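Novice: One structure, as structure tokens, below. Some questions next.
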């Protein structure tokens, strides 16, 4: 995280929806890949919308055919990270050119199954960078773009190929550029390694590695050099590899040249002969690349199917738990219903027995149905009943007076008597309640 402190990173992520998670993932990437630099810049989407987003720009180390290279990339982190995948681009320098492939288009945009099937928390930024390094190690997304000055480059005793070279390595065998040796005013390039470049054995073409990788292009021979000899024109059916593929990196001086005497004779200076060993190595390389591609596709498909199966298993487990809970609740409700049914049957039997007894008994006097426990409570009950009867009588006397059923003189006489009796009853009720320990009436 050089040249970018923690405060600037927090400020750049201030408008992100999940700044803490995003900061943690970005910090992990910057700690492991020191050549990546975070920047906060505006990004314009295809619909014209512009947002201020954080991007990680720089180079990532890639091991390509036994050599270490730095591939320039730019990773844009969306403000909805980590729930939406980042956007990865290859950003070639002035000395490089994008090689479109299965996962990289002409504009340098990277489209990987890992990005298309992005799912948090299984996917994160550090995993994306690691998969980019692994994918670029199998299919390099850039190659050197060399523009010679003053016509085609001449033959060199150390290099016979001048086109379709891979990115400059950071360690191992160097990659001299024909026609630009000794010039200091060219386009900016990656620093050349301190180790040796091509082997100084005097071969016109770089030696073929023992792993069987073929030469990717013979289009770099200058026209003035003579090209292929006429006696080798019978190999016209031999498959030729265009310059869009990266050139094989040469062996460094530490590894030495491992070719046999036969290979040395087949690769005589100035002949450029294509032998059966070359054709065999080319076929082996093509088969190996195809098998690797098929294995990657199969592995990605199997991984996607496993994710779907895991999700289905999780959903089924949750459904099983819900069903078990529902069954348990239904069993509890069933037990409760059985208890209530039994209680209802018992109460129904009691009611039937009571009705049967009432049918057999003699008619009951309602006044005698209520029996008090003590004489005090009986006196209280009788006084309260009489007081309520007087209240009703006074009401109906008023109704009779209003309808001219009784005279005013009769009404006043009866009201005086009833009121006096009601007053005495209320006083008696109050005394009885005091004796019984009951609260007074409001």
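Note that Cβ sites are derived from N, Cα and C of the backbone, with glycine treated the same way.
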Novice: Among the residue ranges 292-347, 348-403, I'd like the one that TrEMBL describes as coiled coil.
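Specialist: Of 292-347, 348-403, TrEMBL gives coiled coil for 292-347.
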Novice: Between 0 and 100, where does the mean pLDDT of the coiled coil (292-347) sit?
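Specialist: Per the prediction, mean pLDDT sits at 93 for the coiled coil (292-347).
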Novice: Provide the three-state DSSP residue tally for the domain 'UEV' (3-146): helix first, then strand, then coil.
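Specialist: Final tally across the stretch: 39 helix, 47 strand, 58 coil.
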Novice: For the domain 'SB' (374-442), jot down how many residues DSSP puts in helix, in strand and in coil.
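Specialist: Helix/strand/coil tally for the domain 'SB' (374-442): 57 helix, 0 strand, 12 coil.
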